[in-house]
Amino acid sequence: MFLRRVHPVRLGHAIQRSLTTTKSRNESTTTTVEAPQAVPSPPPDAFTEEFLRNQIKVTELQRVILGVGSSLAALVNPRRHDMIACLGETTGVPALDAIRRQMLASDEGRQILADRPRINTRTVDMAALKALPETSFGHQYVHFLEKHDITPDSRAEVRFMDDPELAYVMTRYREVHDLVHTVLGMPTNMLGEVAVKWVEALNTGLPMCYGGAVFGAFRLRPK
């Protein structure tokens, strides 16, 4: 007797209105989630394109074999620049990564990694450097190249590395090698190379540089 009797028709209408309201509320709160569109990656820069053309992918086992074989070949014949280059690439990743972190810590280093400048006859006006005063670094650099009949275009391409940015760091190291010779006033004979390798080893931490500095010294003979 406490419940008021409800007319069946009115009860049906009330239930229908309730269901309609609930459905509308659910539809209003349901949002359509669209799949994120893939952002196209920027095209590779000129250095990365060149590196990918020359790259030779190797497994870790192959990397170890190349490292051991190239080190032995370089010991037997220090003039095997191809073996020295292979040794540097297969053993130098930790040191190159440390160099990259150090470069990223400065504005100048970040700019170099972003622009990836090269040092060769296509990017540097050697004639303009030669025309500089004799006491200038640019003039002395060209004088060193001409005196020893070498060219910055002779540096080997990086092949046995995976990371293009680390490959650039290795390329940068190779292209400034003759600049170090110029600063130190060292020739390209065994004594000069050993001296340069010690400076490079202490500044880069590359195992190949330490190997060249230590084992190269054993090949020096008194005159």
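Glycine is no exception: its Cβ is also placed from the backbone N, Cα and C atoms.
Taking the Cβ of His181 (Zn(2+) binding site) as centre and 10 Å as the limit, one finds 22 other Cβ atoms among all the protein chains shown. Marked as Zn(2+) binding site by Swiss-Prot: His177, Asp178, His181, Glu193.
Under the heading compositional bias 'Low complexity', Swiss-Prot lists 21-32.
Feature annotation from Swiss-Prot assigns region 'Disordered' to 21-43.
Look at Swiss-Prot and you will find 1-26 tagged as transit peptide, backed by sequence analysis.
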Below 8 Å Cβ to Cβ and six or more residues apart, same chain only. Which residues does that give for Glu193 (Zn(2+) binding site)? Pro78, Met186, Gly212, Gly216
